[in-house]
Amino acid sequence: MDVLELLRASANGCYNTLFSDAWFQYVSKQIATTMYWYGALLVIGVLFIAWFLYFKRLARLRLRDEIARSLSAVTSSGGDHRGLRFRKRDKMLFYGRRMLRKMKNVSGQMYSSGKGYKRRAVMRFARRILQLQRENRPLEMKTVEPPAEYLEETIEGSDRVPPDALYMLQSIRIFGHFEKPIFLKLCKHTQLLQLMAGDYLFKITDPDDSVYIVQSGMINVYICNADGSTLSLKTVRKGESVTSLLSFIDVLSGNSSYYKTVTAKAMEKSVVIRLPMQAFEEVFEENPDVMIRVIQVIMIRLQRVLFTALRNYLGLNAELVQNHMRTKGSSVVPNAVGGAVLAQASQASRPVVRAPTSPNSRLSREEHTLSDPDPNPNANALLFAEVHGDAPYIDLYHHQQQQSSAVSVNQAGTRRSSTTYGPSGESPNGNANTAPGTSIDQRLVQSSAVDSLRRELGLSEDDAQIIEPFVEVRELEPNVTLITEGNAEDVCVWFVMTGTLAVYQSNADATRATKQDSKNDVLIHFVHPGEIVGGLAMLTGEASAYTIRARSNSRVAYIRRAAIYQIMRQRPRIVLDLGNGVVRRLSPLVRQCDYALDWIFLESGRAVYRQDESSDSTYIVLSGRMRSVITHPGGKKEIIGEYGKGDLVGIVEMITETSRTTTVMAVRDSELAKLPEGLFNAIKLRYPIVVTRLISFLSHRFLGSMQTRGSNAAGGPVEANPVTHKYSTVALVPITDDVPLTPFTYELYHSLCAIGPVLRLTSEVVRKQLGINIFEAANEYRLTSWLAQQEDRNIITLYQCDSSLSPWTQRCMRQADVVLIVGLGERSHLVGKFEREIDKLAMRTQKELVLLYPETTNAKPANTLSWLNARPWVTKHHHVLCVKRIFTRKSQYRINDLYSRVLLSEPNMHSDFSRLARWLTGNSIGLVLGGGGARGAAHIGMLKAIQEAGIPIDMVGGVSIGALMGALWCSERNITTVTQKAREWSKKMTKWFLQLLDLTYPITSMFSGREFNKTIHDTFGDVSIEDLWIPYFTLTTDITASCHRIHTNGSLWRYVRSSMSLSGYMPPLCDPQDGHLLLDGGYVNNLPGHLWRYCRASMSIAGVFPPFCDYRDGHLLLDGCYTNNVPADVMHNLGAAHIIAIDVGSQDDTDLTNYGDDLSGWWLLYKKWNPFTSPVKVPDLPDIQSRLAYVSCVRQLEEVKNSDYCEYIRPPIDKYKTLAFGSFDEIRDVGYVFGKNYFDNMAKAGRLGRFNQWFNKEPPKRGNHASLNEYTFIDLAQIVCKLPETYALNTADIFSEDEDFDGYISEPTTLNMDRRRIQVPRAGNSLSFSETEMDSDVEIDLELERKVDKATQSTPPTPNKQHALSPTSSQTNLLPLPPNSKPKEKQPSYDKLDREHKRRQKSKQKQQQERSSMQQRDSMVTLHPATMAEATTQTAPHSSEEDELNKPEQQPEQKPVPETEEQQQKQQDQQQQENLTKTDTKN
């Protein structure tokens, strides 16, 4: 509220104001003259009450004395009674009756009549006169300090492991997971090197063939420039290693090199462990799967660490690769006659094409016109001969030009953009040698392509027949795209025979929309004839990192990914040649960076660096989550921020060369890339564009930190996180078994789909994808790599935990950025044992409580404080209103079928699930309502306009009158109810006679605030802020601590009242927590328990109402407008990404009169009363005091207007006064009309999308959804070396949670299955939990009934070649039934299937046989067609045995007698399902 306008209230009463100037002057004068009379009357009243009480007490004493004298007289006249005695029963009866009479007297005081009634009446009157307050403290939130592990790192000793073995184990972890026997073999080859200060560990011309691990001391790695100068690259300390993974590939492929520019020298006495790279060859010969896995890990590190750090953060693109690939083996082919001269001629005739040095300069697309033909075809031929000097050379390009010279222009114009020829030289239409525009023998082309790819893959001439069936040739025209960036389906190994290919990559600074435009792509390099491309995506198993287009008319030979993996099965060492091809393309810069960049694995609780340590490096978070904690001199720890995937940690301290200011530790298992300071300086000197990139990056960071500055939340031991939260992984944990976790996860998944790609994972999903033994320690690498890839592909991954502490639940806790604890709001708040175990597993992970309420309930959330007090580890809570289908008890079958249809619809962005989804992804929308007295009625109109514009509201903050209106919206969420309550409150504020009764002696304020408190308390009741549907905060001015206070919990009405306590009119509110005095928060920030208390505190106008005393600490609270009248910055700090701020405060007049150096009051009086002089504008004393009080508020308001995260709106309500509460409807209509027009204009301008659109996604279509099998983690060792892979058996699938239904888009883990399988019912039971059946979250996976003809039983089925090669035929249920199997008579029931499953688990031998047969079945799909029949024959006998085990016992079927309509309907559904099953069986 505004003090100035309140003092200048209109005297004519046209706006129904409460005060007028004349009345105020009269009252002030009467108080000044009659002050002594009031004092005298008060003294007389007090004396009268004391006299009355004294004489009444005296009368009671006299009556007691008379009774005593009468009793003594009776006793003295009775004679001697010493011989009389009472029986025990009479004594017990006497004392019992006496006790009952006492109890009756005590209990009678509770009623309105009886003894003590008059005394209570007098006390009530005295309490009303003297304003005595009864002690009635509401329930408070317990402020419990977080556990030490939450803010401290884990320090554990490693005494059990020798130091050398420990450092060895940590260092070779970059090569992947090694079993213990393999690790011991590698340790046998280690050597200990003793170095003194100044000794060289290695220098230039030394062989680069070892891994060095520093056991003690310090090693300096530096670069030697051509001019003899040196530049430090990095400092290697205890436990760190010096190696190049690229050199590792060179050594294994037989191309070992020497150190050319890198040297290492000991800075002090050091002990270094040396591990020769040749030691791995012995291990790889015995374990080829280990070799393949190591090469894959190296390629993944190259893509995720080197390219991520250098491209995304330093702006390097084309600088990472060479424009011309180095030849394989050597640059001059020794077997070719005159090879050196030929190479020189090739280099002389080849056009020099310089790749751009950075994404901005660098080379425009006009300089690289893709439609230009190759200027020198002979140069391409020479280059081809240079690479394959000893190969039978065929000048295909030149021969093609000669043969096609006679082709007319019209014929050339009708050419297709590309033509593909298969292994036999035939085009797809089946005609051989019919390529348009050429007469070259395609068989010769095919033979040359096979021979070229054979050499690139390192195969001998005898192995040509292995790759010949898979080599395809394709002719391309200019601008034809072979593969796009991010595509995982068309990954191939491309070999250029003629022409040139151009490789592009999207700009690192491009947004999601601009990345779709190819004009923003950056040219990386060209691929010339004789060069190969595509090996990186082939080895990593991930999507392509580049876009490849034809620059001119070209001919390429390629092998698809599936074919390469089949070739790897027979020749695993081709992975070395593919890796060597990738390494040969890299620039020397990447090799130097490979020595300096480190790939760090951190477990939960481990520190990256500690406070006050030297800052010599920065870190990039590849996966996981980090927490920054500062330790104050007093020992108190405070969270500074948290960092997620893609964030840069420690960059400012490294550049400024200051010590670490905080300690950064891992919240969960994390991967980081370490960028040393020396490497950064070396790149900076060589590529100055990096400095520009870094300045831009730091400028955005500092600008964001300036905009997000704010105060910390009140009352919390850990301050609010200033970093915008954005979670990548979310774990969902049920509190009790009756929590519908699966429907809840589906609903959340549905809402998240509107924001971006999301994935839901369960234990059964992972087992289906990776095998039933995937959670064992030996499969740690596969599991973590697969999960990391899923997290990279999706903006958020949902981990649905089991209801027990299973290995999958423990994995979820290790992977989660945040844990959502899901409970039922109407149930007991007690903490279960399982929930406590979850807290122990993830002590550092942030946990949030989600309380579910049925949509049919009319009650509002209550008792939330009890839930939070019982769980001190919870940092935030959410109230979620759920639709009816969530709480309906259904089988897993029907849940899946239900949500397969629900997920096809558009989610409701206004639902609580969508609000939770936006919070998890960092897209919350905040609404900030400013203060302004009666002008706050415009907030109601703006709320209606916001609702009609389709903008959801996820968080609400308010000051003064905005605190009142915002609290109403958070409590009701219905614009009609909010309008009605706001109108009733405004009408109460116009009743002047009630305000007159509230007048008091004006020492602190003019009014006592009692009636004002009553109006707010009647509006909200005893509601706490924690019980509101929407997260809410209010801001007050704490005059005890001289700062503003943010209230997110506690009494609602009290803090709303304190936020409206305008100075001079109401006393400050005394905070019950600490006793601080709180005023209107608008004094410091005019845009931002029991609910009404904080609303009352936020409306404590100084001078009008007394400050409100906080019931927690006793601080006095005043109106928040004195500090921040529009707290949009506070809302941003609390996590809102997009904010709408509505300002209804008054605007000061800035057009003041310049009166010179001095000012006379008499001159102002003359100007005021003389009608013939021009008026002057000079502020008076109240105006000056008001402007002084709002100095910080005005400054903060200007920052909010200039911020990029806030949409500042000010309705045209300046003509209305602060106390014009009688014009509520008129002001509301003004706000509504203005808001509607404002948002309509935003929609037309395209600026409304950031509030109601986040991700443009087409509505999902049935049967056209993504699948994990289409793009998933590829374990080359598993594929190539045929490692034992365990899959879920047929009977194990019974306990599978998720099945694949047609159109079921929420679980993209398997392919579409036969629809007839869905129609198979359970034997003897329906699909509802209302009947007696197994309580499980899984559905039946039953085999289809098939009848096998006797004539075909003895003949093995012939495999289909196309089916075998199809990538979608990997399911075992799509294979033909083995010949000796028998058809099933009927489907087994749940009980029998359960018994069969347990019997199989007890029989270890049978289980191993089943697993091996399942592996053979799967290998039939991916192996060469020639081995298909043999694998099928091997599988047949065991399948017959398995079917015999699955065959149920013959029992008569018992049908229940229907008693109700519901049971009759279920009976009909069951009968219909059985009829369909019989029909399918006959077919």
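Every residue gets a Cβ built from N, Cα and C, even glycine.
Computed from a predicted structure; not experimentally measured.
Annotated features, as they stand in Swiss-Prot:
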{"type": "TOPO_DOM", "residues": "1-34", "note": "topological domain 'Lumenal'"}
{"type": "TRANSMEM", "residues": "35-55", "note": "transmembrane segment"}
{"type": "TOPO_DOM", "residues": "56-1483", "note": "topological domain 'Cytoplasmic'"}
{"type": "BINDING", "residues": "174-301", "note": "nucleoside 3',5'-cyclic phosphate 1 binding site"}
{"type": "BINDING", "residues": "456-585", "note": "nucleoside 3',5'-cyclic phosphate 2 binding site"}
{"type": "COMPBIAS", "residues": "1410-1419", "note": "compositional bias 'Low complexity'"}
{"type": "COMPBIAS", "residues": "1465-1474", "note": "compositional bias 'Low complexity'"}
TYR222 (nucleoside 3',5'-cyclic phosphate 1 binding site) in three-state DSSP notation: strand
Residue among binding-site residues VAL473, ASP490, VAL575 with Cα closest to the Cα of THR190 (nucleoside 3',5'-cyclic phosphate 1 binding site): VAL575
Spatially closest candidate among VAL473, ASP490, ASN507, VAL575, the listed binding-site residues, to SER270 (nucleoside 3',5'-cyclic phosphate 1 binding site) (Cα to Cα): VAL575
Cβ neighbour count (within 10 Å, all chains shown) around VAL473 (nucleoside 3',5'-cyclic phosphate 2 binding site): 23
Rounded inter-Cα distance in Å - ASP206 (nucleoside 3',5'-cyclic phosphate 1 binding site), VAL575 (nucleoside 3',5'-cyclic phosphate 2 binding site): 27
Entry from the binding-site residues list THR190, SER270, ASN507 having the most other CB atoms no farther than 10 A: SER270
Top Cα neighbour of VAL575 (nucleoside 3',5'-cyclic phosphate 2 binding site) in the set of binding-site residues TYR222, LYS238, GLY254, GLU286: GLY254
Entry from the binding-site residues list ILE524, VAL575 having the most other CB atoms no farther than 10 A: VAL575
For the binding-site residues TYR222, TYR558, the one whose C-beta sees the most other C-beta atoms within 10 angstroms: TYR558
For ASP490 (nucleoside 3',5'-cyclic phosphate 2 binding site), the number of other Cβ atoms found within 10 Å of its own Cβ: 17
Residue from VAL473, ILE524, TYR558 whose C-alpha is spatially nearest that of LYS238 (nucleoside 3',5'-cyclic phosphate 1 binding site), among the binding-site residues: ILE524
Candidate binding-site residues TYR222, GLY254, GLU286, pick with smallest Cα gap to TYR558 (nucleoside 3',5'-cyclic phosphate 2 binding site): GLY254
Other CB atoms within 10 A, centred on GLU286 (nucleoside 3',5'-cyclic phosphate 1 binding site): 11
Largest tally of Cβ atoms lying within 10 Å of a Cβ, found at which of the binding-site residues ASP206, GLU456: GLU456
